[in-house]
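Taken from Swiss-Prot as is:
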BINDING   Cys2, Arg18  deoxycholate binding site
ACT_SITE  Cys2  active site, nucleophile
BINDING   Asn82  taurine binding site
Amino acid sequence: MCTGLALETKDGLHLFGRNMDIEYSFNQSIIFIPRNFKCVNKSNKKELTTKYAVLGMGTIFDDYPTFADGMNEKGLGCAGLNFPVYVSYSKEDIEGKTNIPVYNFLLWVLANFSSVEEVKEALKNANIVDIPISENIPNTTLHWMISDITGKSIVVEQTKEKLNVFDNNIGVLTNSPTFDWHVANLNQYVGLRYNQVPEFKLGDQSLTALGQGTGLVGLPGDFTPASRFIRVAFLRDAMIKNDKDSIDLIEFFHILNNVAMVRGSTRTVEEKSDLTQYTSCMCLEKGIYYYNTYENNQINAIDMNKENLDGNEIKTYKYNKTLSINHVN
């Protein structure tokens, strides 16, 4: 599961982030990698050297960093979301192509490119390969949302047919089916409105709304990918932007909280609870990574620009899931 979101504030800042909906912890922490840093996979000997500094949520496996979402020093953000059934990775490298292991795709994007347009150009010759980070750890079925400080966003999906790159003017991504299906599905909700429905005369009977919100009657409320896509797309569009960036930051979290999963509400066939482990929000211009967790609603912030971008080591920040309460008496 998972939901991705990108939006622009009234002052022209760009916020990008996601809900991480998963039934288990993956030992995640916030990871900072300086520019010009060489990452070497001990298992398959593949290497990657960062052109740009990277900050995001992920895990380090045998000294090699992998990311669920993050951004780089140039204001390019990327998030990987579950994409079951439809995804089809290449089984082997293709000669003449840029072959990218699945686990490395997000880091490859953030380490090498400064804009969505640069990524789109590079993807014209890319091949996403089903090479795991380790023989004991299979790849996750993923598609990716990528956004930058120009406000442009794309979705990258590798299916049986080809590697698809969609322009994302909606600013939202969830899971399967494919992104173009979700966009077409928006047409089913053309009748939704943000304003209250006026009184209606049904023959001689006057019908009056009994409460606010009648304009969005029919907005889906379940946790399926299709319903979450619709709900976030409309809430994003309805959002009233504020003169204070801090308020828009809070609005970002409120939108994603509207599709956050409560423990027990969404159970897998194995009776495990799919829940929103964390919500992230990155200010792409400022280089600040904000997040809160299922156990702790307090917003945490890590500022990339307070780190040494030319450092010589990876730095991690502990994932904060300890409940914090502001006692006022």
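Each residue, glycine too, has its Cβ placed from N, Cα and C.
Structural mapping of features recorded in Swiss-Prot.
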| residue | record | CB count, 10 Å |
| --- | --- | --- |
| Cys2 | deoxycholate binding site | 26 |
| Arg18 | deoxycholate binding site | 28 |
| Asn82 | taurine binding site | 18 |
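The two recorded residues, Arg18 (deoxycholate binding site) and the residue listed as 'taurine binding site', have Cα atoms 12 Å apart. Recorded residues the residue listed as 'taurine binding site' and Cys2 (deoxycholate binding site) have their alpha carbons 7 Å apart, per Cα-Cα distance.
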